[in-house]
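Database features, via Swiss-Prot:
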BINDING   T29, L30, G31, P32, D86, G87, T88, T89, T90, G414, D499  ATP binding site
Amino acid sequence: MAKQIIFNEQARAALKHGVDTMALAVKTTLGPRGRNVAMGKKWGSPAVTHDGVTVAKEVELKDPFENMGAQLLKEAASKTNDVAGDGTTTATVLAQAMIDEGLKLVAAGANPMILKRGLDKGREALVARIKEQAISLKSRDEIRQVATISAQDPEIGELLATIMDKIGHDGVVTIEEGKGTTLEYELVEGMQFDRGYISPYFVTDSSRMEAVIDEPYILITDKKISAVNDLLPVLEAVLATGKKDLVIIAEDVDGEALATLVVNKMRGTLNPLAVKAPGFGDRRKAMLQDIAILTGGTLISEEVGRKLDSAKVQDLGRARRVKSDKDNTVIVEGFGDKQAIQARIRQLKQQIETTTSDYDREKLQERVAKLSGGVAVIKVGAPTEPALKERKARVEDALNATRAAVEEGIVPGGGVALLNAISALDNVQTQFEEERMALNVLRRALEEPLRQLAINAGEDGSVVVNQVRTLQREHNNPHYGFDVMTGNYVDLMQAGIIDPAKVVRSALENAVSVAGIVLTTDALITEAPEPKKNGARTPSMPDEEF
């Protein structure tokens, strides 16, 4: 396949045009006064969004060289979304400003490689300053403010603050499309997994088709139980304690073992419940180990030399209640050692830090939440399908922003954290003139988010930036900034206009990374379009009569 190549000024001009086109579509969504973007599909109603990364993912330009610029800028938004879950529009605005200023210097003869080195030096100083500014998240009110700013909806902010209050910061929150037009949530207490009872004969509440057992003994094994002889020692040991409540979590229970449990249930000799173990393969063993630690039991596995008939009462877990329906099982308040549970959570968090797989990370986070004992389901409703999807995206952004704020703290919002970080560049040691130029590129770019917020609110961006700086000096308060909703200049921290430090940091790091790539690119290669054959036409299907 033949390729087409462009170089130097022509290549940089194509990249810049692609970057500017992408940024123009994305940055209109910045801030509470930002506009929506409607995205047409080949079928169905258009999707309407206020989310920068969603807009970025839709942009594909016709010119292949310009499209390269757009796709590089998309990387800044996507990577920020992956790391922090929010801040995608800020990353886009920053990257475009750096590319715009940097390409002017390259056109004037500056060495792009030294410019990039200057950008990297400046980034390190700026990230350190953002981390210094960060204040740890303490109150429910601050959580509400972070979520409200991200979602641009006080109702979503209040809902997430309530949920975090009830399930803790490590709890799992899943977001679903609801049936009505309102926002609702449902709390699931304890550890839940997606396996239900093996037989409906174990049901204790026939109206709800649920099996509920209070304070049972819990046998945990990765073995399939078919022979009754494997179960007898455990059944006898439980009955010897004067209790008859037993939950069995196993790969499967069938044959005469299942028949024995059902018959004893019918006679009232035992009150058993058998459920299938969650997960598959190695993940199943890990989840069974989690259940064992949560309930204070021991995983009976032949891999560690334990056969089922060797199980004693001491090996069985305990919990305040186990509830199971045909699809799900919930273990409420396991009797496991609190220190052992915390140690397991720490171990899982270390695995989250080291894993490179997004899927594994998600599953590990679910396990942490289940051990922490909190799962919430948010049901998002709206009058129409496009409104529902747009609102759901805002709830997801707000949730991600809240988690990011818990992780690394909060900084003043409204673009002020980046504005305040500019002074950190004064202490950066430079060796070449181009490095000093790169620091000036960063100084100008860091003003851009505040400038764009003001423009989207119908104000003059440069006037707002200068006024914020003047008021900060007059009040000797670095938290002073512009409230886009009211048009007033206020103490942003007191007004609850705050951003997660992790979001601001990630946006800056990814913007610098993409800007460095664009500035140091001097040639673009893409596939040449196939020439059209003269006189060729698409053959038509012959007419057919039926």
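Cβ coordinates are placed from backbone N, Cα and C, and glycine is handled just like the others.
Keep in mind it's a predicted model, so treat the numbers as computed, not measured.
Largest Cα-to-Cα span within the ATP-binding set T29, L30, G31, P32, D86, G87, T88, T89, T90, G414, D499: 17 Å.
Taking every protein chain shown into account, D86, D499 are the binding-site residues, and of these the Cβ with the most other Cβ atoms within 10 Å belongs to D86. Look at T88 (ATP binding site): DSSP puts it in a helix. Under 8 Å, Cβ to Cβ, and six or more positions away along its own chain, T90 (ATP binding site) finds L30, G52, T80, G415, P449, V503, V504, A507.
Residue environment of T88 (ATP binding site) contains 32 other Cβ atoms, counted within 10 Å of its Cβ in all protein chains. Across the binding-site residues listed here (T29, G31), the residue whose Cβ sits among the most other Cβ atoms within 10 Å is G31.
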